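Engineer: One structure, pasted below without further comment.
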Amino acid sequence: MARITPIERYRNIGICAHVDAGKTTTTERVLFYTGLSHKIGEVHDGAATMDWMEQEQERGITITSAATTCFWKGMEGQFEDHRINIIDTPGHVDFTIEVERSLRVLDGAVLVLCGSSGVQPQTETVWRQMEKYAVPRIVFVNKMDRTGADFLYVVEQLKTRLGANAVPIHLAIGAEDDFEGVVDLIKMKAINWNASDQGMTFSYEEIPADMQDMAEEWRENLISEAAEANEELMDKYLEEGDLTEEEIKVGLRARTLANEIILCSCGSAFKNKGVQAVLDAVIEYLPSPTEVAAITGINDDKDESEGIRSADDEAPFSALAFKIATDPFVGTLTFFRVYSGVVQTGDSVYNPVKGKKERFGRIVQMHANDRQEIKEVRAGDIAAAIGLKDVTTGDTLCDAKHIITLERMEFPEPVISVAVEPRTLAAQEKMGIALGKLAAEDPSFRVATDDETGQTIISGMGELHLDILVERMKREFGVECNVGNPQVSYRETIRGTVEVEGKFIRQSGGKGQFGHVWLKMEPNEEGAGFEFVNEIVGGTVPKEFIPAVEKGCKEQMDSGVLAGYPLLDIKVTLYDGSFHDVDSNEIAFKVAASMGFRKGALEANPVILEPMMKVEVTTPEANMGDVVGDLNRRRGMIDGMDEGPAGSKIVNALVPLAEMFGYATDLRSATQGRASYSMEFQQYNEAPKLVAQKIMETR
């Protein structure tokens, strides 16, 4: 089957923003104007098409990235039909994983900002992710009808706070209640949208007289930026002082694709003004799959050489699975982006990450949560497959004869953990299945069982993240859970060296028990664990009983002497003892060794150890004092500070795990969400006396 839309007319874009910038409303308008939805859905009514989870409709925020496909011919019908694959992404900091994996497979993005609140902390996070994947982007300053809206102030913020070379292609006519439309700086005309038909029709008018000078000034800026694209344009601009509309667009497109400029437009999605102009900008200035760098991967050969897949239907098939979702009707949906080649329903492909073949049972095009079955997908397409068994987020799918492993996505380590247990014993198995499915969908969500407490511990990116997953277990899987606080896994060790006697003698007629040992106990090297040394000479303890002595000591390592936590890093030397010809046996020596070990551990200056986490906080310089002060209050040891991306600072510290609960929320409120952090286990350190005292009292 031939391709319906040429790949040059594809646009794979994400709509990204901070919470409440109006990005879902913007997407709803896009669906309305491109003819996909006949009635506009409003977020505040809980009726938005893209927010399809019950919780999203209740909370008015977007949790998962919904993918949809639409077609656009331009505001004036000036283009041939272009296919736009859109992914709507969440703006809440707990769901940055969704933004990260969307940007990995997109070619361009529209960043939506609020006209009154401008660049928000979460915008900085999203911006860093866009920079990481070098995604060409344009900005839509939304909510120009809001109190305090100021388009040029937001443009200035883009320059100062994000270091962006922001170039307006529109100017706002009026603001707040007086917002009427926009000035198109390329055409030098005012655009007014018709309120009576929800902005479906519009008219070009003369620029208001009081804005003429300002418009000319900003147009001059626009032309000079476009002229920087190449020598030919620059020469013409220097000679004639102007460029044609077409030349301006060519220059702006080249510089946008090179990530040298960020084009800015404005409007009010809620008032149906400006969204069609953004769609035109997507087509005119954002790349098709053939205009972005070809994807690279590792070939399946001895040298693991670099392989390249260009956006071509004739090339071998390659795709990246970027999201797994559970659908109540069809089971597992695997969202994937095709980078090269063609795949049809029923075809088998290879997953080099898992080393398994997979078969495409059904392929569907998604419109929010509505599915439309299709027979094939080609280079540049984004679709979902039903029936893939062992694919997880970030896996490559490719032609079995031309194996390539595309670069895997990086996912942040979870930063907050809680213990969960089902409300009824009968739900234990159901909870296990539910957690398994949720973990398969979301790589930033982890499930583990604590070996010591037996608790199921779930970990994620923040409290809201875990709240929503617990709520989903209840709604989608019918499992109600009690959520507790996780227990910190402390340890114990000894600091001194002692020689101790262990004696177990029971001789009162009949067969008795006799075991007698002398042990030397001392601290072992950090991380060396338990070490047993046999220095018996002359057979004072018979050879056959020595393994029992070691076993008796080893078993005592599992329960410490201060608070019952496992002991770490102890060296035990068996150097003397005695035995009885009749009454000595393995059990007697094992018990004698246990008693001696316990007595020795109590005498050898035992201490409690607490897990220390390596914490790395990325923060704007302005918040660094607050961040460092807070880490010090948490008994953290600052290891150093480095330069971070976009003028931020990175603070490295070693902090006790017990002090890190609630840190995600505290850091967010202290820095208005502008800082982010990662945390991993580093080592065990001796707990201060007061802390150790509290731990012993609570056991």
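Just so you know, glycine gets a Cβ as well, placed from its N, Cα and C.
From Swiss-Prot, here are the annotated features:
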- 17-24, 88-92, 142-145: GTP binding site (BINDING)
- 8-290: domain 'tr-type G' (DOMAIN)
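Give me the lay of the land around each of these features.
Structural biologist: According to DSSP, Thr89 (GTP binding site) is assigned to coil rather than to any helix or strand.
Taken together, the residues in the domain 'tr-type G' (8-290) have a mean pLDDT of 84 on the 0 to 100 scale.
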Engineer: Could you say whether, by DSSP, Lys23 (GTP binding site) belongs to a helix, a strand or a coil region?
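Structural biologist: The residue in question, Lys23 (GTP binding site), is helix (DSSP, three-state).
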